[in-house]
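Novice: From TrEMBL, here are the annotated features:
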- 11-151: domain 'EamA' (DOMAIN)
- 12-33: transmembrane segment (TRANSMEM)
- 39-61: transmembrane segment (TRANSMEM)
- 73-94: transmembrane segment (TRANSMEM)
- 106-124: transmembrane segment (TRANSMEM)
- 136-154: transmembrane segment (TRANSMEM)
- 187-206: transmembrane segment (TRANSMEM)
- 189-325: domain 'EamA' (DOMAIN)
- 218-238: transmembrane segment (TRANSMEM)
- 250-270: transmembrane segment (TRANSMEM)
- 282-303: transmembrane segment (TRANSMEM)
- 309-327: transmembrane segment (TRANSMEM)
- 342-383: region 'Disordered' (REGION)
- 372-383: compositional bias 'Acidic residues' (COMPBIAS)
Amino acid sequence: MFAKMGGTAKAYAAVVLIRLMYSGMHVMSKVALDQGMNPLVFVFYRHTTAALVLIPITFLFERRKAKPVTFKIGWKMFIHALYGVTACGVLFNLGLNYASATSSSALYNVQPVVTFILAVIFGMETLKLTRFHGKVKFAGILFCIAGVTVLAFYEGPMFRSFNHHHLFQNGSSSQSGAEETHSKKQWVLGIFLMTLSNVLAGLWTVLQGPLIEDTSKLMNTTLQISCASVQAFLVAVATERDFSKWKLGWNIGLVAIIYSGIIVTALSYYMQMWTIAKRGPVFLAMSMPLTFVFTIVISSFIIGDAVSLGSVFAGVLLVGGLYNVFWGKSIEERDDLTKISAAAGGGNKPGLELPQQQQQSKAGQEAPGQVPDDDDDDPEAKV
């Protein structure tokens, strides 16, 4: 059935599946943590599973064409993995342990905005507050700040699940459950830690450009995940000396580890590359709010997650901020394109001829279905 779908329909189906995969990761990770799994041990097992999947795949596809990995490149990968994969994963899981799956999926919408802010700081993007597109971008940043603040400090009325037969009875009962188990200070700490995790993820995304030139995307990902596995092991051993907490049983913890390592890392990674090749990185990033919506539905019906008005309101602000930044970026690119067309086209109508020429040029340069090496800008493509 999927094979008979058109290219556009396949792209939409792919982003829906990708967001469902990430929603499942948020929910299962939260259930595993609530049932007693150590957050740092969980990070180690997750990265190790991902590495075990990626290493043979990389060996199969890259052994003949991959650039040699020098000590300098390996050291760069190690440093970037330390803050962008290991620290990011540790902070996220520690924060998730104190908060809810819904809040973690809502905060995912901060990543592209944080990436944009860091790109402005590093001179890769512009923020002209005197222009309309600059004001739109700045409004998006303010919306995201307001969303994080509301998520941390405002709860409001609770919307209970209509489903009273939950798959995991001992899982989180949502934000209210988190509030019963942990204090309000711990809830705020959880939101802060997950926000900081998204800041590190944004920094990781901004600084990936030079690394992509050193080696392929697949080799880059495999090396960083492998380094992160070793780093996460050292962090987990240093903080958790009770090795009974390291034992895996036939429970949701094992399922969450396998799911995160294989489905989210391997399958989702390939699907994201395919979607970027077909529709571009912006199309993929624009679908990020679906993760928030799907997480609310899945957590409500599977683990009885009650959603607070504050979480919904914060999610709306975060999604609004995300789309505002995208909107401002789109206006800026359209204005720049109009200026280029006016300068190069002479008597031609600005903004009409150039896009068509670009599309024809792109169609002639890229084979259908080929994944270009420079299109991987999605922050969720990493683990």
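Each position is counted from 1, following the chain as shown.
Backbone N, Cα and C atoms are what each Cβ position is placed from, and that goes for glycine too.
TrEMBL: automatically predicted annotations, no manual curation.
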Novice: What are the DSSP helix/strand/coil residue counts across the domain 'EamA' (189-325)?
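Specialist: For that range the per-state counts are 117 helix, 3 strand, 17 coil.
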Novice: Can you tell me how the residues of the domain 'EamA' (11-151) break down into helix, strand and coil by DSSP?
Specialist: 115 helix, 0 strand, 26 coil
Novice: Are there residues at least six beyond either end of the transmembrane segment (39-61) with Cβ under 8 Å to its Cβ atoms? List them, or say none.
Specialist: 29, 32-33, 85-86, 89-90, 93-94, 96-97, 218-219, 221-222, 225-226, 228-229, 232-233, 235-236, 239-240, 245-246, 248, 253, 256-258, 260-262, 265-266, 383
Novice: Can you say which of 12-33, 187-206, 282-303, 309-327 has the most Cβ pairs under 8 Å with the transmembrane segment (136-154)?
Specialist: 309-327
Novice: Can you say which of 12-33, 187-206, 282-303 has the most Cβ pairs under 8 Å with the transmembrane segment (106-124)?
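Specialist: By Cβ pairs under 8 Å, 187-206 leads among 12-33, 187-206, 282-303.
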Novice: Using a Cβ-Cβ cut-off of under 8 Å, list the residues of the same chain that are 6+ residues beyond the ends of the transmembrane segment (187-206) and lie near it.
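Specialist: The answer is 80, 83-85, 87-89, 91-92, 94-99, 103-104, 107-108, 110-112, 114-115, 117-119, 122, 124, 148, 151-153, 175, 178-179, 377, 379, 382.
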Novice: Apart from its near flanks, which chain residues at least 6 from the ends of the transmembrane segment (309-327) lie with a Cβ under 8 angstroms of it?
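Specialist: Beyond its ends, the transmembrane segment (309-327) has Cβ neighbours at 100, 102-103, 106-107, 109-110, 112-113, 116, 136-137, 139-148, 150-151, 154-159, 175, 282, 285-286, 288-289, 292.
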